[in-house]
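As given in TrEMBL:
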DISULFID  Cys210-Cys231  disulfide bond
DISULFID  Cys309-Cys330  disulfide bond
DOMAIN    45-157  domain 'Ig-like'
DOMAIN    164-259  domain 'Link'
DOMAIN    265-354  domain 'Link'
SIGNAL    1-15  signal peptide
Amino acid sequence: LLLLLEATLLQLASGSHHPFYNGFYYNHIMNDMGNGQDKDYFNGARLVVETSKDPVYSYNGANVTLPCHYRYEPDLGDKRKIRIKWSKLRDDYTKEQDVAVAIGKTYVAFGDFKGRAHIHRASRHEASLVISDVHLKDDGKYRCEVIDGLEDESDVVDLRLQGIVFPYQPPRGQYRLNFHEAEQVCQDQGAILANFNQLFQAWSEGLDWCNAGWLADGTVQYPIRLPRKPCGGVHLAPGIRSYGPRHRHLHRFDAFCFSSALRGEVFYLDHLTGMTLEEAKQSCQDAGAEIARVGHLYSAWKFLGLDRCTAGWLADGSVRYPIVKPRPNCGPSEPGVRSFGFPSKGRFGVFCYKER
């Protein structure tokens with residue numbers, strides 16, 4: 001019976017339903033004449049599905065509930081055995097992946113959500129989705145779909161992770177990454193490729209960067225707060241400049257990475273004479289930690305207020321330092337993460353990362 005139910009849920013998730021599927025689900029029953037002819041019925045009540053109109057905010061590693069409730073107009077009274085389906089959507093509202101489906105009290109989660117997502121039905125007409133151990137790529141739109149016979153209604157809720165966008169160039173220099181390499185370097189830095197909404201939010205908070213970089217949808221864009229000649233011209237208004245979609249293998253740009261709040265802490269170590277990169281890595285290991293990645297440092301600067309006017313090694317071989325309160329001899333007059341690039345020589349301190 002359990003295998004049969006799981007097969008039914010899998011069929012529901014794929015959008016396939018006997019005898020046919022055209023965007024609605026029909027209750028299929030035999031008629032009273034006993035002549036083998038079937039009929040479909042409509043329950044006569046309007047089904048209404050509602051989710052949060054405001055975005056739901058969370059962060060990396062947290063647990064989050066995406067609210068969804070439904071009701072009938074008029075109220076049908078008795079509890080009905082409805083189907084619930086959650087899907088993650090692309091920005092254009094087309095389906096990206098199945099998240100979870102449920103019939104009655106039994107549910108199945110799919111793909112990367114397996115073991116992390118379940119449908120919460122504490123009250124009579126609740127169909128909320130609970131996601132545990134939120135991942136960076138969970139950011140986005142989700143559709144809650146409720147199905148009862150002919151009635152098939154849905155609503156969309158937006159899950160947004162609190163985080164920070166940072167531009168990234170590899171040691172080889174500017175415009176060296178195709179799309180797939182950009183995905184990998186962001187992952188190597190404890191981050192993911194940013195999406196447009198995340199870049200727009202960063203721009204609204206002050207990010208101004210004249211080098212074009214990949215985003216998660218395969219477009220290449222860059223945020224400009226102060227229009228200037230090398231960055232699209234002085235006569236264009238501030239905003240996000242776009243090159244549109246680029247060839248993911250052939251074209252090369254920088255990357256805009258997105259990192260969320262940390263599950264641990266970033267701390268600084270130093271020796272009297274400084275350290276080489278290899279010595280820095282060993283010092284972090286001796287302290288029960290790992291050398292911090294670029295995403296760790298940006299997150300600690302933004303969310304934990306990490307402020308240090310002493311440069312330190314990071315895992316990619318770069319040397320950086322975070323400034324919350326600008327002051328003399330600590331770089332520009334704006335807060336930010338300063339970079340010394342990728343020095344081949346030199347001795348510095350190190351930023352380490354340790355998970356809680």
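Cβ atoms are placed via backbone N, Cα and C, with glycine included.
Everything TrEMBL records as a feature, shown here on the structure.
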residue : record         : Cβ within 10 Å
Cys210  : disulfide bond : 14
Cys231  : disulfide bond : 19
Cys309  : disulfide bond : 15
Cys330  : disulfide bond : 15
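Taking DSSP states H, G and I as helix and E and B as strand, the domain 'Ig-like' (45-157) has 6 helix, 63 strand, 44 coil. Reported as a whole number, the C-alpha separation between Cys210 (disulfide bond) and Cys309 (disulfide bond) equals 25 Å. Residues in the domain 'Link' (265-354) partition by DSSP class (helix H, G, I; strand E, B; coil) as 20 helix, 26 strand, 44 coil.
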